[in-house]
Amino acid sequence: MQQRGLAIVALAVCAALHASEAILPIASSCCTEVSHHISRRLLERVNMCRIQRADGDCDLAAVILHVKRRRICVSPHNHTVKQWMKVQAAKKNGKGNVCHRKKHHGKRNSNRAHQGKHETYGHKTPY
């Protein structure tokens, strides 16, 4: 009889954990700080970029630049980055966005009782 009770409790715990996964946020890779300075020389080596919005999934607006195997988070208000994005858009003849918006993989808990661990990609550039 005790084994049957333990099995029922274990099953209930598994069901509760499975249901709570839909409520808890999926850990995302948001920038937690941004660099306000970036060199034009570094911008020449950018492979791709993404735009991170401060929309509830991430707390900070940023432009994420991918340089080799690094991600560099830069302020979207940075004048040098804005100019670079205009030049890149002109090179593409205005077709499509230079930097794509970051895709979100789920909704966050509205009361933010549990927050996923954010990865820090905010690098201060030595340039």
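Including glycine, each Cβ sits where the backbone N, Cα and C put it.
Looking up Cys58 in Swiss-Prot gives a disulphide bond whose other cysteine, out of Cys30, Cys31, Cys73, is Cys30.
For Cys73, the partner cysteine in a disulfide bond according to Swiss-Prot, taken from Cys14, Cys31, is Cys31. For Cys30 (disulfide bond), the count of additional Cβ atoms within 10 Å of its Cβ stands at 21 [all protein chains shown]. Put simply, of the recorded positions Cys31, Cys73, Asn78, the one whose Cα is nearest the Cα of Cys58 (disulfide bond) is Cys31.
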